[in-house]
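The following features are taken from Swiss-Prot:
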type	residues	note
BINDING	S40, G41, S42, T43, D96, G97, A98, D99, K110, G111, G112, G113, K137	substrate binding site
ACT_SITE	E119	active site, proton acceptor
Amino acid sequence: MARTKKANDEVPTNSDSLKLKVAKQAAKLVKDEMVVGLGSGSTANLFIQELGKRIVEEELYIYGVPTSFDSRMVASTAGIPLISLDQCGEIDIAVDGADEVCKSTLSLIKGGGGCHTMEKIVDYHAKEFIVLADEGKLVDSLGDKTPVPLEVIPFAYSTVLNKLLKMNTAPAIRTGSGKMGPVITDSGNMIIDVFISIDDAEETENMLNNIPGVLENGVFSKCDKVLVGTSKKVEILKK
């Protein structure tokens with residue numbers, strides 16, 4: 001008897017297949033006895049699952065450093081031993097996703113899931129920071145389609161909003177589904193999303209972080225390599 005499709009069944013998309021393709025490729029880059037930064041988000045979760053398979057099948061000794069409660073749960077389910085940032089002297093490689101990737105500079109916008117602060121701490125601490133993306137995430141310039149998220153201390157949200165308004169932007173407090181009120185990060189802070197023109201990623205990153213009350217923003221100016229899933233192959237972009 002044929003199974004009746006339910007309304008909430010997830011149907012794999014072309015984007016999903018491209019994400020899985022780059023996740024599998026990235027998992028092959030991890031070597032035995034490495035400490036790996038585990039990013040957050042749908043693509044990073046696929047990488048975590050593929051890495052877990054390798055650990056089990058090849059009996060590898062690998063430790064993961066999660067960047068969110070979500071990545072911690074996915075890694076635990078995948079069988080990846082976890083350690084905290086203060087337990088590891090070095091992180092050999094960090095693998096994460098992105099919301100936008102600038103083709104010419106490999107700068108990024110991250111934080112659609114509200115995890116960018118802990119992601120940036122881990123990603124920037126790693127010896128090598130690798131980003132996974134499907135070809136739909138590539139852009140000529142950052143910020144035209146995707147807002148930059150700012151993690152903001154709740155005490156300062158109104159002053160941060162006022163500062164952003166004076167910069168001729170249109171900031172918005174991020175609200176969530178399943179609860180009333182603003183999205184609250186794993187660290188207990190709020191998210192303000194703002195569309196802003198980004199000509200120089202490092203300059204914008206530093207400028208936004210200099211606003212009192214902003215803990216961290218979603219502009220990532222540092223990235224070593226991007227694995228891009230296309231319909232034909234996985235392309236590798238390097239600086």
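Every residue gets a Cβ built from N, Cα and C, even glycine.
By neighbour count, meaning other C-beta atoms within 10 Å, the densest spot among the recorded positions D96, E119 is D96. Take S40, G41, S42, T43, D96, G97, A98, D99, K110, G111, G112, G113, K137, the residues named in the record as contacts for substrate: the widest Cα to Cα gap among them comes to 16 Å. Packing around S40 (substrate binding site) is summarised by its Cβ count: 29 other Cβ atoms lie within 10 angstroms of its Cβ, all protein chains included. Same-chain residues that are not part of S40, G41, S42, T43, D96, G97, A98, D99, K110, G111, G112, G113, K137 yet have a Cβ within 8 Å of the Cβ center of the substrate site turn out to be G39, A44.
Proximity note: of the listed binding-site residues (S42, A98, K110, G112, K137), K110 have a CA within 10 Å of the CA of E119 (active site, proton acceptor), given in sequence order. Cβ environment of K137 (substrate binding site): A98, D99, E100, V101, V228 lie under 8 Å away, each six or more residues apart in the same chain.
Annotation note: D96 (substrate binding site) sits in a strand segment as assigned by DSSP.
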